[in-house]
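Working notes, structure below.
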Ligand SMILES: [Zn+2]
């Protein structure tokens, strides 16, 4: 049933012109969801500078920690992550596929959260990585995030490992539409339905009661009447083998690995760090709090991505 969906490495990203604005908010970063940390240590800055200067083909992997400075919470950070603050958990793949009411709940919440979630803008860290790509320093970027902020920043040499909430596809015929387009379908189908958004999650989810969800109408695929699903790897699903091989190839062409804003708890990303270790590539980790590869990383830095990365001179 899913074979109609062609999934490739980095080639299905939404092009930046689909976004109304590429600009970055000039306001100071929203640090509500950023764990407390000290300003970058000059020694650490120097070490990361050396690491980046020595790299000619840098492979970068990012996670939710790079987007917290854009005002999007992560799942796991101590105190400020979604898991620490709430008992909400993301939808499970099997449940979404199996249950019409699970899909209704998912889409009702996603519909309410969308205007705010889709309005988030890239921060300095996203822009630095975009610049490194332009300068030829960054060979490939892999993000575990589904928020499209790297695309909004203008990154192109990139794979969205877990997909992107800005795309929706049909489980029946594979037809793909933009999530923004679907918002209009939702509005047309639910002209009098209203609910307040609060506490948007890393995937655009918000909390609603069962009562609020009950009357929400979910559209089917316009081409075949099939089930619509965001182009996102839900928890309990796996990344396609084709995409995994594609990323392994990009990693094989790289000479070092930088992980930014991820504790790497999820295996779909962690496996690439294991592969980098096997190839004996230098690995730098920039993340507030412990990560799964602290014991074998060449360099571990506990700083905000948007604060430390702009200090690095790319040569
Ligand atoms: Zn369809």
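Cβ atoms are placed via backbone N, Cα and C, with glycine included.
TrEMBL labels come from automatic prediction, so no person has curated them.
What TrEMBL says about this one:
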- 38-315: domain 'Deacetylase sirtuin-type' (DOMAIN)
- 63-83, 144-147, 261-263, 287-289, 305: NAD(+) binding site (BINDING)
- 162: active site, proton acceptor (ACT_SITE)
- 170, 173, 221, 224: Zn(2+) binding site (BINDING)
Inset, instruction - For residue 147 (NAD(+) binding site), identify the closest of the recorded positions 162, 170, 173, 221, 224, judging by Cα separation. - result: 162
Inset, instruction - Would you kindly give the Cα-Cα distance separating residue 162 (active site, proton acceptor) and residue 170 (Zn(2+) binding site), rounded to the nearest Å? - result: 17
Legend entry - Local confidence of the prediction over the domain 'Deacetylase sirtuin-type' (38-315), expressed as mean pLDDT: 91
Inset, instruction - For ligand 1, pick out the recorded positions 162, 170, 173, 221, 224, 287 that have a CB under 6 angstroms away from one of its atoms. - result: 170, 173, 221, 224
Legend entry - Cβ-centroid neighbours of Zn(2+) site 170, 173, 221, 224, 8 Å, sequence order: 171, 172, 174, 175, 220, 222, 223, 225, 226
Legend entry - Residues that sit under 8 angstroms from residue 287 (NAD(+) binding site) by C-beta distance, when 6+ apart in the chain: 63, 65, 259, 260, 261, 262, 263, 300, 301, 302
Inset, instruction - Report, as a single number, how many Cβ atoms besides its own are within 10 Å of the Cβ of residue 63 (NAD(+) binding site). - result: 28
Legend entry - Inter-residue Cα distance where the pair is residue 162 (active site, proton acceptor) and residue 221 (Zn(2+) binding site), in Å: 22
Legend entry - Distance, residue 71 (NAD(+) binding site) to residue 162 (active site, proton acceptor) (CA atoms, angstrom): 20
Inset, instruction - Whole-number Å only: compute the distance from the Cα of residue 173 (Zn(2+) binding site) to the Cα of residue 71 (NAD(+) binding site). - result: 35
Legend entry - C-alpha spacing of residue 224 (Zn(2+) binding site) relative to residue 71 (NAD(+) binding site), in angstrom: 37
Legend entry - 170, 173, 221 as binding-site residues, winner by CB count within 10 A: 170
